[in-house]
Amino acid sequence: MRELLFRNLHKQRASTEREIDAHAYFHININTSMATKLLALACIGSESHGNLSPRPHYPSMPKYPKGVSVQESNLELGSEAKAVFSVMGMTCSACAGSVEKAIKRLPGIREAVIDVLNNKAQVLFYPTFVNAETIRETIEDVGFEAKLIEDEIYDRSTQVCRIRINGMTCTSCTSTIESALQAIRGVQMVQVALATEEAEIHYDPKIVSYNQLVKTIEDTGYEAMLISSGEDISKIDLKIDGVRTDHSMRAIKESLQALPGVQDVNMSLKHNKISVSYKPEMTGPRTFINEIESTGSRSFKASIYPKVGGRETHRKEEIKQYYRSFLWSLVFTVPIFLTSMVFLYIPGIKHAFDTEIVNMMSVGMLLRWVLSTPVQFIIGRRFYSGSYKALGHGSANMDVLIALGTNGAYFYSVYSVLRAATSKDFKGTDFFETSAMLISFILLGKYLEVLAKGKTSEAIAKLMDLAPGTATLLTLDDEGNVMSEEEIDSQLIQKNDVIKVIPGAKVASDGFVIWGQSHVNESMITGEARPVAKRKGDTVIGGTLNVNGVLRIKATRVGSESALSQIVRLVESAQLAKAPVQKFADRISKYFVPLVIIFSFSTWLAWFLAGKFHWYPDSWIPFSMDDFELALQFGISVMVIACPCALGLATPTAVMVGTGVGATQGVLIKGGQALESAHKVNCIVFDKTGTLTVGKPVVIDKRLLTSIAVQDFNELIAATEVNSEHPLAKAIVEHAKKFREDGENLAWPEAQDFISITGHGVKAIVRNKEIIIGNKSLMLDHNIAIPLDAEDILAEAEGKAQTGILVSIDREVAGVLAISDPLKPGAKEAISVLGTMKIRSIMVTGDNFRTANSIANEVGIKTVVAEAKPEQKAEKVKDLQASGYTVAMVGDGVNDSPALVAADVGMAIGAGTDIAIEAADIVLMKSNLEDVITAIDLSRRTFFHIRLNYFWALGYNVIGIPIAAGILFPSTRFRLPPWIAGAAMAASSVSVVCCSLLLKYYRRPKKLDKLEMHGIKIE
């Protein structure tokens, strides 16, 4: 019930945010049931308690088509689609800005995110108004090559949600619920099954929400819980060989649509491709392939459609393009350099090149003109194209600076050559080497930059490579004996498949062990260095390495649902998300290029006027130049030394490497926002259960206060608590099982009129006895007297950091249970290390004061807030923020979600495969507190590199531009030739990327190496 209430609040909040354009949020959608729960829980903090300031995670501004209001859009826009494009040719944030601006001018664009580092553009749009092809053409109109990588349509016209219903006893109950649901506008079809106690509802989400459906069921008198909202549909692309006609393709489509669990089938005869959307719990790709190959005359062959145009493919192609361009430029530039710089000092050769052909035009002049022209207009055409498109859309980028600088040198040189050819006394100088060498050095710089940028995304490539290519599928009989083995593509694994994993092989999918025992190395996923023992019933994660035994595992989560896929999507999304500090670079980039052009022209004009009016001695003018040419050199140097690219790369490259390094160490950081907030943290609020403690409570003491038999006592408390999902209830049931003589499989006595009192305990009737189990306040609320003996036992237990539970039978306290949740190994040392980092630690828990204080004293935490409800935890976070602290909240991501959202940085600890994606900013895969330290230290190190990048990028421009303008020339006669200025500009971008790449060598603080922080197992 509480979860459903939280979901209602979240839905209301989401609806409100859609209507307020300036406060819209763009959330990462990760398709797991745990993430959905956490997202729903996360919203109560800011909805229920108005003084919790909402914290923007990934801000975006939804754009509706021209003439469509926000309210109308909800009814008229229909389906929403996402398209990802590969965009080749972007060099800096100005390029990204041009693409983003052009896309957002189109009608029906909801959001556009441009990733200049990975040359990708992600666009959310409404297909009713615009399609992916139009968007691609728009990107190409801006001057960049675009290719569609991914195209998904989220059809909002019909969704299917499943709801679990408790309390149904007969078919009249199902009819009542069906009638109530069908009376709701927007509900298209309802099926309520008594046997499974579930309802499947087809509905239009634009008219009715699943929260309203849940509420309607509850209003009829039943307890309802949402299982899925209709968004957990998988999709796969299949390649069909042997299809030659539309009729054959339609026959295949119809046969697939007839399969249970298939939601939608789209076909493309041109590409021999079929896309199938399906429910993974009901069917899978092997079923589709078998169906296709058995259709018609059995002449069709089906296979997984090969993925083309991935990130690495485009990166390699871009590297090849720059490499080829650079080599061709060298072919022409090296002879130009030799004729203008080297051969002039070799007497015989100098005379040959100085030979005049027509009037004063020499052989060297003509040769340099011929050689530089291909470099300028063929090899350097990318700069012309880029600058033309940028200027056409009212913006300026680095291509504009390069085109202006090289054109200035080239066309002045052409003027000099033509003037020499038509004059008998003109002695001019050409600068063909300047334009050619400038383009060559810039191409070299871009080649090195792309190489370096490719290394920043290696973390994702490594994660994706963890998935094995093949798996061994077992077919078992009813008794579990192996009937056959078959090696299949790992993409063909379906839910509930049994997979064999031999020593040294990778686990092919998430699942649990049904046979065998071994040790599995999970370091590539969780960062846990030691292999983890696995036996029957234990869960395994896809992509991990089986060390020494043979395992048979049953697949539970495959494809996009797997933990590995979720981590990859999370890291990819994190690398797209901008850190707030990047806004600084974006603001500078808007004005940088125009200001540089103005300053360049001013530099040329100042030096030219100074020369004309003899404001400096003629001796300052180098040999073979005049005052105009000297001024032109200064102007061109200013134009080409300025580098907006370094500013644009400063933040995203560091964020990419930082998040990638974190992922390899089991610390999943959700982007620049989380990094920027985490490095400022000076106060951490810890939850107790599952964070400072192991989170697996056990009964360690039991005192009976009446003459009841121990076995009867255990039966009564277990029969009551078995109906509760609370960890303490499970501990009590497990304790009672140890004393049963008839085995664990027999049922406990029936509990009637069971009631769970949140935060206090439970109540039920068992064997005609009223059983109340809970804390002291629950007994007092029911007017049950607490004996002095029970008071003393409670005080003793709480003094030992144990939780005291009272048991009342027929309104008389019959016993006291002492439950202990052991402290995590290394918790005390971790708190101590945080203290040395000048971070204050606080514990906030719902447990009683004595237990909380005892735990706090044990770990070294001085400030404790006990008996706090979830909303009170969030209140404490807000109080600390009001006091000037930057607060991080560390919790398990469920009960602590309001506080996780309210904190500046929310950390979900011990997430394992059930990743608390939506609730937290940082997800810690292991249960060790050392990862809290690692996360903060990594964020500090990453932000240090971001600062270093900005210091270099800004310092380079602040120092380099004045030097290029000739500020040192009057005193030292030092001037920066344009080709050297161009080389410096290229080097600045490479240096910024290399500085970010140093993060790849990050090592956690040495203090942590001394700590013994191992997981413990409760027997």
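Heads up, the Cβ atoms here are built off N, Cα and C, so glycines get one too.
Note that the structure is predicted; figures quoted are calculated from it, not measured.
Per TrEMBL, the features are:
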type: DOMAIN; residues: 81-147; note: domain 'HMA'
type: DOMAIN; residues: 159-225; note: domain 'HMA'
type: DOMAIN; residues: 234-300; note: domain 'HMA'
type: TRANSMEM; residues: 325-346; note: transmembrane segment
type: TRANSMEM; residues: 366-384; note: transmembrane segment
type: TRANSMEM; residues: 396-415; note: transmembrane segment
type: TRANSMEM; residues: 435-452; note: transmembrane segment
type: TRANSMEM; residues: 591-610; note: transmembrane segment
type: TRANSMEM; residues: 630-650; note: transmembrane segment
type: TRANSMEM; residues: 950-970; note: transmembrane segment
type: TRANSMEM; residues: 976-999; note: transmembrane segment
- Query: What residues in the same chain, six or more past the boundaries of the transmembrane segment (366-384), come closer than 8 Å to it by Cβ-Cβ distance?
  - Reply: 89, 325, 328-329, 332-333, 335-336, 339-340, 353, 357, 399, 402-403, 406-407, 410, 413-414, 417, 430, 432-433, 435-436, 439-440, 443
- Note on the structure: Answer key: the stretch among 325-346, 396-415, 591-610, 630-650, 976-999 with most Cβ pairs under 8 A to the transmembrane segment (435-452) is 976-999
- Whole-number mean of pLDDT values that fall within the domain 'HMA' (81-147): 83
- Message: Below 8 angstroms Cβ to Cβ, which residues of this chain, lying six or more residues outside the transmembrane segment (396-415), approach it?
- Response: 91-92, 94-95, 98, 368-369, 372, 376, 380, 382-387, 390, 428, 430-432, 434-435, 438-439, 442, 593-594, 596-597, 600, 629, 632, 635-636, 639-640, 642-645, 978, 982
- Query: Near the transmembrane segment (976-999), which same-chain residues lie under 8 Å Cβ to Cβ, leaving out any that are not at least 6 residues past its ends?
  - Reply: 402, 405, 409, 431, 433-434, 437-438, 441-442, 444-446, 448-449, 452-453, 455-456, 633, 636-638, 640-643, 645-646, 649-650, 653-654, 656-658, 661, 941-942, 945, 948-949, 952-953, 956, 960, 963-964
- Message: Per DSSP, what is the helix/strand/coil residue tally across the domain 'HMA' (234-300)?
- Response: 21 helix, 21 strand, 25 coil
- Task: Mind tallying the domain 'HMA' (81-147) by DSSP state, helix then strand then coil?
- Result: 23 helix, 24 strand, 20 coil
